[in-house]
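Notes for the one structure printed next.
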Amino acid sequence: MNCVAASVSTAFVDNDDNDEDGDNGDDKCSATARTRDGAAMAAIPATLAPGQTVKPCPLRAPLVVTVVGLPCRGKSLAAHKVARHLSWRGESAKVFTVNENATNETLSEISLFFKEGNNVAIIDGMHLTRASRQTVAAFCCEAVFHHLLIEFTCNDRCLQENVADTVQFYRNLDQNIDWERRFRESNDHHAPQFEPCSALEGPLITVNNSEDSMYHSVTARGVRGAIQTDILGVLASPVIRQQTFYFSRHGESEYNVLGRIGGDADLSSRGMKYADRLARQLGGPGSAPDCPRPKVIWTSELRRTIHTVQNIPGPRAAIKDLNEINAGICEGLTYEEIQERFPQEFAWRDQDKFKYRYPHGESYLDLLQRVDSVVQALLTNTDVLVVSHQAVLRCIMAYFKGVKPDDVPYINVPLHTLLIVRSYGYDFVVETVPLKVECVDTYRIQPKNCSTSRTTADALTTVPAHFDAPLTQQMSTIS
C-alpha cells in the first residue's frame, strides 16, 4: 500500500534539487502506484527524471483522514463515530477539530501524536477548496503517511434536520445566541467556496448522509488496507442522532449462586424476582404508564437471558453473537476448580486476561470481534433492550464508554442492574440503575500478583493470561 499523491493530476516525486514548492505540481512528495487490485489511484509518470525516487508508505504507516464538507452535513458525528470504533478495535485514533482547514499547528500536533505511537488522525473541518486539501496531502506525502479523504453531502431535508438538531444542542449550552441564524449564515457564506473532491486527489470516500437507510449512500475510490476498509464499513451505516439503549445481564442464575462459569443454567429464585422487577421498569406487568418501552429486545440463546425478558412486551430475537464467552474445558467449573485442575491455565489468564483463550474456547479478543456486528446493528437503531452476559456486555459497554481493549475484562457490569445508554452530542452517557434485588457479586478486580502460587482468594481477582502458548503446551496442563 503506497502513500497517496497530493491534489494534482501528476503524481509527485522526490527531487534532489531541493526546489521550493510551487504551483506547477513539482512538490516533493511520494507518488502512488499505478492501479493495482482494481483500485484507481494516481499514476506514477512513465519515466522519472535522474535523481527522482518513489517513496512508498510502509504497510502500517499512520493514517491521516481529512474530513470535507459544508457545515451541518453530519461530518463531526461521523468523524467521532469512526474514531470511537477504531479505538474500540485496538487502533489509536483521535479527532483533531479545526474551524475550517487544517493549519500548520494542526499538522504539527498530528506529527507529535504519531511519534507517541498512535496511528489514526482524523481532521474534522471543512477543507472546501482543493488548495486546503493539498496542504494536508503534501504533508502526508512528505512524512510518508497514508491519506484518506471523506467528503460529506446531504439532501435538503437532511440538512434541515441536522441544523435543527445542532441548534437544539448548542441552545442548551448558551441560550443568548441565535444559533439557527448563525448556522444558516455560515452555510450560505461557505457554499460558493466548495470545490468537490476529485478522484485525482487520492483515496476518497463520499458519504451522502441521511438517517434514512434508503437515502444514505456511500461510494469509495482507491480505498485500501484494513483500517481504511474498516472506516468505509462504519460510514456505510447511517448515523442516528438521538439514541437510547438498555442493557442488562440476565437475572442471577443457579450457576452464579454456585460460583460456576458458563453453562446454560436457569435463573435462581432471586433471578426470577429480578426478571419481574425489570419488566416493571420496561413496560411489563405493573409498570407505570410513562415508563420506557423498548422497540425491540435482543437476548442470547441461553435460558437465563430469555427467561429474564419473558414478561417484557415487544418483538424479540435470540442472537448467537450475544452468547456468553466460551470457557472451553473450563465450562461449568468454579474458579477454585480451575486453579486446582489447570494451575498454569489459571496463571496465564491472570497474566493477560484480554488475549487469553480458554483451551477449546474463546478469549476477550475473540469476543470483541464477535460482538462487532451487534454494536454496528445497535447503532442503526434506538430503544433496543439487550440482555446478555458479563463478558459480552463488557465488550459492548467498552464501545460506549470509550474503554481501551486491555481494560475491557475489568469493566464492572453487575447483576440485577439496568444500564441506560443515551447519545449526547458526539458522546454517550451511561446511567446505572440498580433494581435492588439481592444477588451474588461476580466482579473480580485485577490482581497485582499473577504468579501460579497465589491463593484462591487472590486468584478470583484475575487479570489476563497467555494467548500465544502452543496448544500442546496448554493441553499438557489439562491431561
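Here the Cβ of each residue, glycine as well, is placed from N, Cα and C on the backbone.
Remember, predicted model here, so these are calculated numbers, not experimental data.
Over in TrEMBL, the protein carries these features:
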DOMAIN    99-198  domain '6-phosphofructo-2-kinase'
BINDING   ARG249, HIS250, GLY251, GLU252, SER253, GLU254, TYR255, ASN256, ARG304  substrate binding site
ACT_SITE  HIS250  active site, tele-phosphohistidine intermediate
ACT_SITE  GLU324  active site, proton donor/acceptor
SITE      HIS389  site 'Transition state stabilizer'
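Overlay of TrEMBL annotations on the structure.
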| residue | record | Cβ within 10 Å |
| --- | --- | --- |
| ARG249 | substrate binding site | 28 |
| HIS250 | active site, tele-phosphohistidine intermediate | 30 |
| GLY251 | substrate binding site | 30 |
| SER253 | substrate binding site | 28 |
| TYR255 | substrate binding site | 19 |
| ARG304 | substrate binding site | 27 |
| GLU324 | active site, proton donor/acceptor | 25 |
| HIS389 | site 'Transition state stabilizer' | 21 |
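Averaged over the domain '6-phosphofructo-2-kinase' (99-198), the predicted model has a pLDDT of 92. Taking the mean position of the Cβ atoms of ARG249, HIS250, GLY251, GLU252, SER253, GLU254, TYR255, ASN256, ARG304 as the substrate site, the remaining same-chain residues with a Cβ inside 8 Å of that point are ALA265, ASP266, LEU267, SER268, GLY271, LEU415.
Among the recorded positions listed here, namely HIS250, GLU324, HIS389, HIS250 has its C-alpha nearest to that of ARG304 (substrate binding site).
The substrate site in the record is lined by ARG249, HIS250, GLY251, GLU252, SER253, GLU254, TYR255, ASN256, ARG304, and its two most distant CA atoms lie 14 Å apart. For the pair HIS389 (site 'Transition state stabilizer') and SER253 (substrate binding site), the Cα-Cα distance reads 11 Å. A straight line from the CA of SER253 (substrate binding site) to the CA of GLU324 (active site, proton donor/acceptor) spans 13 Å. Geometry remark: TYR255 (substrate binding site) versus GLU324 (active site, proton donor/acceptor), CA distance 13 Å. Here GLU324 (active site, proton donor/acceptor) is positioned 11 angstrom away from the residue listed as 'active site, tele-phosphohistidine intermediate', judged by their C-alpha atoms.
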